[in-house]
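**Student:** Below is a structure I'd like to ask you about.
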C-alpha cells in the first residue's frame with residue numbers, strides 16, 4: 001500500500017488550568033490511497049485531535065505528521081491545507097455570504113487552481129451531488145443540512161486532492177442523507193482512489209469503512 | 001479577494017452602513033480639524049510675512065532696564081559694534097544687511113524745516129519710522145540716518161517715502177559724503193541734486209564739520225508723519241552713508257543697529273536661533289528682534305486655535321480608531337467562522353487580513369469622497385464657531401502695546417497695523433479660510449488609511465494569533 005499520510009509517534013496535550021491533559025501519546029498510523037478509514041472512540045478520546053493534526057489545523061507537541069513522506073510542517077501547514085488536502089466538517093463550514101457555487105469556486109481560487117471552465121466544472125460537481133442549478137445559486141442558509149453538506153463535499157472534491165479528512169460529516173444529517181453522503185465518500189475512495197479519513201460516532205458508518213481505527217489511551221489501534 | 005469583499009459587504013449590509021456612518025463622521029471631523037489647522041497656519045504665515053523678512057540686532061535697553069538694581073543707572077556706554085554685527089551677516093538665511101547709525105546734527109549752511117508743532121511736546125513720534133532716529137544722541141536740528149545701503153529701508157520699500165529726484169544711497173556709496181534729503185528741506189534751502197552743504201556736531205567737546213553732497217531727494221507721502229520738533233520731524237532727516245555716521249559719532253566701530261534681511265520671513269525664528277547658537281554676542285545685553293512681540297500679539301489666538309485643531313484631530317483619530325476597533329472586535333466574533341473556514345481551506349492570514357482591509361477600505365473610499373464635500377461645511381461651521389468664541393481678542397491689534405520699545409522698533413508699524421487690521425478685521429476676511437486644500441485631502445487620506453489599518457489590524461491580530469483549530473472550535477461560541 002502506498003503510504004499517503006503517516007502519524008509518526010505523535011503526541012499532543014493541552015493545558016486545562018493547572019493540569020496537562022494528554023490526548024495522544026506516541027500515536028502512529030499510516031493511511032493509504034484508495035481506502036476509507038473510520039476513526040472511532042469515546043468523546044474526548046482524541047478523534048478530532050487526530051484529524052486536526054492530520055489536516056494541519058494544529059501541530060503535534062512531539063514528532064511529526066508526514067504527507068507523502070514529507071513533514072507537513074516543512075511543506076507549510078497553510079500550503080498543505082491549500083494544495084494537498086480537503087476537509088469536511090460536521091457543521092459544513094461554508095462561507096455564509098456566498099452561494100453554493102461561489103463556495104466551491106472560492107475553494108478553487110484559494111487553492112490556486114486555474115481552469116477556464118471553472119464555473120461549469122463546479123456546477124457539474126454540485127449537480128452530481130444532487131443540487132439543482134437553482135439551489136447552486138441560492139443563499140447558502142436557505143439550503144437544508146444535507147444540501148449544505150453536499151456543497152461542502154463538492155468543495156472538497158473540486159480541489160482534486162488525494163486526501164479528504166472528514167469530521168463527523170453526517171453528524172447533523174438524517175439517516176437517508178447520511179447514507180447518501182457515505183456512499184459518495186465510498187465512491188471517492190474506491191472509484192477515484194482517494195484516501196478518506198472519517199471521524200464518526202456512528203458504528204453503522206464505521207462498519208461501512210475499509211478500516212476502523214479506535215483511539216484509546218492516546219494510541220491509535222486498528223480494529224479491523 | 002475584491003469580489004469576496006464586495007459579497008461580504010453586501011451580505012452584511014447593516015454592519016456596512018454602521019461602519020460607513022462612523023467613518024463619514026470621523027473623516028468629516030478630521031478634515032475640519034485639518035483645514036482649520038492649515039487655515040490658521042496660513043494666517044500665521046501671512047502675519048509673519050507681513051511683518052517683513054528683517055531681523056534687527058540692537059542694544060536691548062528694555063532688558064537692561066529690567067535687570068538693573070533699583071536706582072541704578074543704565075549704562076549708555078553699551079554699544080553695538082560692527083564686529084558683532086559682522087558675526088551674523090554670513091549666517092544661513094541672510095540675503096543682505098544694513099548697518100545703521102542714528103544721530104543728530106546741526107548745520108550752519110542750511111536751516112531745518114519748521115512746523116507749528118515744533119514747540120509743542122506732541123506725541124507724533126510714535127508714528128516715526130525706525131530708519132530714522134528716535135534716540136538722537138544730542139538733539140541737533142537734523143536727524144542723521146547713516147546706512148550701509150538705503151535699498152531696503154522700510155519707508156522707501158513700502159512707498160511711504162518716494163524718491164523725486166536723483167537716487168538712493170547704495171553700498172557703492174561707501175565712504176563717500178553723499179546724502180539724500182527730503183524735498184521740503186531741499187526747497188526751503190534752495191537745494192537740488194549735486195549741491196553740497198555742511199553739518200556739524202560735537203563729540204567730546206570737539207566740533208566735527210562734515211560736508212555732504214546731495215545725490216537724491218525724497219518726498220514723504222504720509223502727511224501724519226510730518227511734524228514734531230526739528231530733530232524729530234522726518235522732513236529734517238538726512239540719509240548718509242554709514243561712514244558719515246561714524247565720523248559724526250566719533251567712533252568707527254559703534255553702530256546703532258544692524259538689520260538682516262532674510263530669504264524668507266518664515267525663517268526669522270530659525271535665524272534667531274542660529275544666531276544665538278553660533279555667535280558670541282551677549283543676548284542679555286543685545287537683542288535680535290524679528291518683530292516677535294508684534295507677531296505674538298497677532299498670532300497668539302491663531303496659535304491656540306491651531307493647537308486646539310491639532311489636539312482635536314488627534315482626539316478624533318484616536319477615538320475614531322478606538323470606536324472602529326471596538327465595533328470590528330465585536331463583529332469579528334461573527335467572523336471567527338469565516339476566518340476559520342478560510343484558514344482550513346489554506347487561505348493565508350495575510351490574505352484574510354487583506355480582504356478585511358479591502359472591505360473597510362471600500363467603505364472608507366466612499367466615506368472619504370463624501371467627506372470632501374460635507375467636510376467643507378463642517379470646516380466652515382467649526383471655523384465660525386471657534387472664531388466667534390475668540391473673536392473678541394483674536395487678531396485685534398493692541399495699539400498701546402505696540403509702542404516702540406527702542407529705536408529699532410518697526411517704523412512702518414502703522415502700515416502693518418493697517419494691513420493686519422484689514423486682513424483680520426475687514427468684512428471680507430472675518431472668517432478663516434477653511435477651504436480644503438490638496439494637502440488636507442492627502443492628509444485625510446493618510447489618516448483614514450491609518451484608522452482603517454489600525455481598526456482591522458488590532459482585532460485581526462487578536463484572532464489570528466490562535467491556531468486554525470482554536471478559531472474553528474470557538475466559532476460556535
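Placement of Cβ uses the backbone N, Cα and C atoms for every residue, glycine included.
Please treat TrEMBL annotations as automatic predictions, because they have not gone through curation.
Sharing the feature lines straight out of TrEMBL:
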type     : residues  : note
TRANSMEM : B:12-36   : transmembrane segment
DOMAIN   : B:22-273  : domain 'MacB-like periplasmic core'
REGION   : B:108-138 : region 'Disordered'
COMPBIAS : B:118-138 : compositional bias 'Polar residues'
DOMAIN   : B:311-416 : domain 'ABC3 transporter permease C-terminal'
TRANSMEM : B:311-332 : transmembrane segment
TRANSMEM : B:352-372 : transmembrane segment
TRANSMEM : B:441-464 : transmembrane segment
**Student:** Same-chain Cβ contacts of the transmembrane segment (B:352-372) under 8 Å, 6 or more residues past its ends?
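**Tutor:** Long-range Cβ neighbours of the transmembrane segment (B:352-372): 1-2, 4-6, 8-9, 16, 19-20, 23-24, 27-28, 31, 324, 328, 335, 339, 342-343, 436, 441, 444-445, 448-449, 451-453, 455-457, 460, 464.
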**Student:** What parts of the chain pack near the transmembrane segment (B:441-464), using Cβ distances under 8 Å and only residues at least 6 beyond its ends?
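**Tutor:** Result: 23, 26-27, 30-31, 34, 313, 317, 320-321, 324-325, 327-329, 332, 335-336, 339, 349, 352-353, 356-357, 360-361, 364, 367-368, 371-372, 375, 471.
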**Student:** Along the domain 'ABC3 transporter permease C-terminal' (B:311-416), what average pLDDT does this model show?
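**Tutor:** So the average pLDDT across the domain 'ABC3 transporter permease C-terminal' (B:311-416) works out to 71.
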